[in-house]
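According to TrEMBL, the domain 'Orotidine 5'-phosphate decarboxylase' annotation covers 15-215. Residues annotated as substrate binding site in TrEMBL: ASP21, GLY199, ARG200. Taken from TrEMBL, the feature active site, for OMPdecase activity covers ASP71, LYS73, ASP76.
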Amino acid sequence: MPSDRLTGSGMPREKLIVSLDVSDALAGLAVAERLGDAVTFYRVGLGMLTGGGLALANELRQEHGKCILLDMKLFDRPAAIEAAVQGLAQFEVECLTVHGDPHVVAAAMAGARGTATRILAVTVLADLDRTALDACLVAGGSVTEIAAERAVRALEAGADGVVVPQEAVAAVRARAADALIVTESGGDPVASADHLIVGRAVWGASDPRQAARDLVAALG
């Protein structure tokens, strides 16, 4: 990865992350080819794993010079997390997500030690509301309050950054001013987030390349 595309912390400078929420690696590669140089940072998620996701991530990095957020949301015993992260870090992806529990974060950081892969802790999934949290027996509080508290704890455990719901970005920033914050959106810029994940709103647009350029310009 060209060094001028990375910040001093090793994170990509590009604020827009395009999520490749498509059926398989071939479809993902086709999206990337349509977007061309308008996008340099892609998310490859768990749903792509059995469709060649790791091969896609590797090809986008090695042959097309792209940055990759590997969104696996890993959650397991510390020893298993450390081993999994060690293995995934061999793909030299820029970012890897894990569950935000402190013991998971600490194990992931140990697994990534000595590599360029940054560990991002997922706080609360973007589509969960209070009713869903109640069903999961999550303690009281709003989604924003829970995301902010989990973000702080994950950062204290060593996470390089956090992934938070859009409505929680400001609250997390208020409690962790220097934190690296990633959020998801349907395509609207989010104030104070460092990176914005957008999927269909970009690659499903009538002119995907222009849609990406418009978002990049709006994000600054």
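Note: Cβ is positioned from N, Cα and C throughout, glycine not excepted.
A TrEMBL annotation is a machine prediction, not a hand-curated record.
Model, not experiment: these values are computed from the prediction.
Everything TrEMBL records as a feature, shown here on the structure.
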{"residue": "ASP21", "record": "substrate binding site", "DSSP (3 states)": "coil"}
{"residue": "ASP71", "record": "active site, for OMPdecase activity", "DSSP (3 states)": "strand"}
{"residue": "ASP76", "record": "active site, for OMPdecase activity", "DSSP (3 states)": "coil"}
{"residue": "GLY199", "record": "substrate binding site", "DSSP (3 states)": "coil"}
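The substrate site is defined by ASP21, GLY199, ARG200, and by the 8 Å test on Cβ atoms against their centroid, the other residues of the chain that qualify are SER19, LEU20, VAL22, VAL198, ALA201, VAL202, TRP203, GLY204.
Within the set of recorded positions (LYS73, ARG200), the lowest number of other Cβ atoms found within 10 Å of a Cβ is recorded at ARG200. A C-beta separation below 8 Å, combined with a sequence spacing of at least six in one chain, links ASP76 (active site, for OMPdecase activity) to ALA84, VAL104.
All protein chains shown were included, and the count of other CB atoms within 10 Å of the CB of ASP21 (substrate binding site) stands at 18.
Largest Cα-to-Cα span within the substrate-binding set ASP21, GLY199, ARG200: 8 Å.
Listed recorded positions: ASP71, GLY199; maximum Cβ neighbour count within 10 Å falls on ASP71. Taking CA atoms as the reference points, ASP21 (substrate binding site) and LYS73 (active site, for OMPdecase activity) are 15 Å apart. Taking only the Cα positions, the spacing between ARG200 (substrate binding site) and LYS73 (active site, for OMPdecase activity) is 21 angstrom.
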